[in-house]
Amino acid sequence: MPNIANNPNRKSWISVPEHSDFPIQNIPFGVFLTKEDVVTIGTRIGDCAIDMGALQQLGYFDGIELTDDMFMQDTLNDFISDGKKTWRLVRNRLAELFDENNPKLRDHREHRDIVIFSINDIEMLLPVQIGDYTDFYSSKEHATNVGKMFRDPANALLPNWLHIPVGYHGRSSTIVPSGIPVHRPMGQTLPNGESTPVFGPSRLVDFELETAFITTDANILGENIPVNEAEDYIFGMVLLNDWSARDIQKWEYVPLGPFLAKNFATSISPWIVTMDALEAFRVKGPKQEPTPLPYLQQKGKHAYDINLEVYITPENASPTLVSKSNFKYMYWSMSQQLAHHTSNGCRVNSGDMMGSGTISGPTEDSYGSMLELTWSGQKPIKLSDGTERKFINDYDTVTMKGYCQNGSVRIGFGEVSSKLLPPFVRK
Ligand code: CA
């Protein structure tokens, strides 16, 4: 099945602003609410949201084998479940339909009015019903930095780290789309120099710059996914902010790992960018030394060159860029993560989400968390309004952006942006 949607020369009859993350070569998938309170599956070109439910009703997907209500649902799970061949057929059809030389919809004013919305007139929702959420810990730079601060600078990486894509199971119940504010969590912490803990608002709320991938039905209980097949089960990627309470984390994480410090909120960008759209941005990942065990060995390009940025915006102030990183720094690839995840027969379903782990680069300005950027608060960051931050203050908005750039084509994720509010007050 040729991937004609990626043709870099194609232009759309929908105008696309310069430097848009959403040219006709992207065609991401999402779920949105229209002004008329209709929930639909859709895609985006430039600053237009496209109602794929309406397109299907009007017959624009005829000839592709789809259930009648495939795009009139409030999640993408069924579509993702249909597999790679269907994803590609649908993306190809959308590319053809919105090609500047195709008059079929371009010249049908009545249909255009039904199908196309301004991005400002819709509300993005979670794109999938996330059954299970796993968060990995796959950036060597991040794991080393955290190991230095939380444990032993001389032995920052634990012995398993270079052999296992380390991960833990998170909570899907608190995953929210961009735009939904997040409350500072309450929790138990051990104040410096004390021997008994206290309970109260976390004082060290942090972001973690991550991406996540969304899977299709991958296996049956007991079955493993070989590393060289794992990519077939990955639908696409989003940006992810793994909100973290460092003081709660430090006290609670021994011996079983993160718990309440991590599961109070996880924010994601709402458009899933498909692996097909990211194909042109494959690069080789870091050299893996020592060589992983055979079930994790792979050849070729399995990392992706995705530029990542984090901004902090205090209330009534302009944004300050605080980190520039790149997904290509990840030590373990997504296929290695998925192969490892299923190596014991753990079942992975359509709509499951796997976080990459904080993506820190090699330089101090490329670290993916305030913990690392300020080195545990020792080196505060100055914002453009003159104030300083060690961690995130109430009413700060944290925004993450991500895009790939290759010659003339830019494929982006948009953003995940959310404001930190004071602790929740029960009425
Ligand atoms: Ca994380």
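Even glycines carry a Cβ here, placed using N, Cα and C.
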Task: Listed in TrEMBL for the Ca(2+) site shared with Asp135, Glu208, Glu210, one of Asp107, Asp113, Asp242 - done: Asp242
TODO: According to TrEMBL, Tyr137, Arg151, Gln249, Tyr253 bind substrate; so which of Thr34, Thr40, Thr358 is the extra one listed there?
DONE: Thr358
- [ ] Could you round the CA separation between Lys262 (Mg(2+) binding site) and Asp242 (Ca(2+) binding site) to a whole angstrom and send it over?
- [x] 7
Open item on the list: So if I take the recorded positions (Asp135, His142, Glu208, Asp242, Tyr253) and measure from each Cβ to the nearest atom of ligand 1, which come out below 6 Å?
Closed with: Asp135, Glu208, Asp242
TODO: Starting from the Cβ centroid of Asp242, Lys262, Thr266, the recorded Mg(2+) site, name every other residue in that chain with its Cβ within 8 Å, sequence order please.
DONE: Asp135, Gly170, Glu208, Leu240, Asn241, Trp243, Ser244, Pro258, Asn263, Ala265, Gly355
Open item on the list: At 10 angstroms around each C-beta, which of the binding-site residues Tyr137, Tyr253 has the fewest other C-beta atoms nearby?
Closed with: Tyr253
Task: Other residues, Cβ within 8 Å of Asp135, Glu208, Glu210, Asp242 Cβ centroid (Ca(2+) site) - done: Leu209, Leu240, Asn241, Ser244, Lys262, Thr266, Gly355, Ser356, Gly357, Thr358
- [ ] Work through the recorded positions one by one (Tyr137, His142, Tyr253, Thr358) and name whichever has its CA nearest to the CA of Asp242 (Ca(2+) binding site).
- [x] Thr358
- [ ] Quick one: give me the count of other CB atoms within 10 A of the CB of Glu208 (Ca(2+) binding site).
- [x] 26
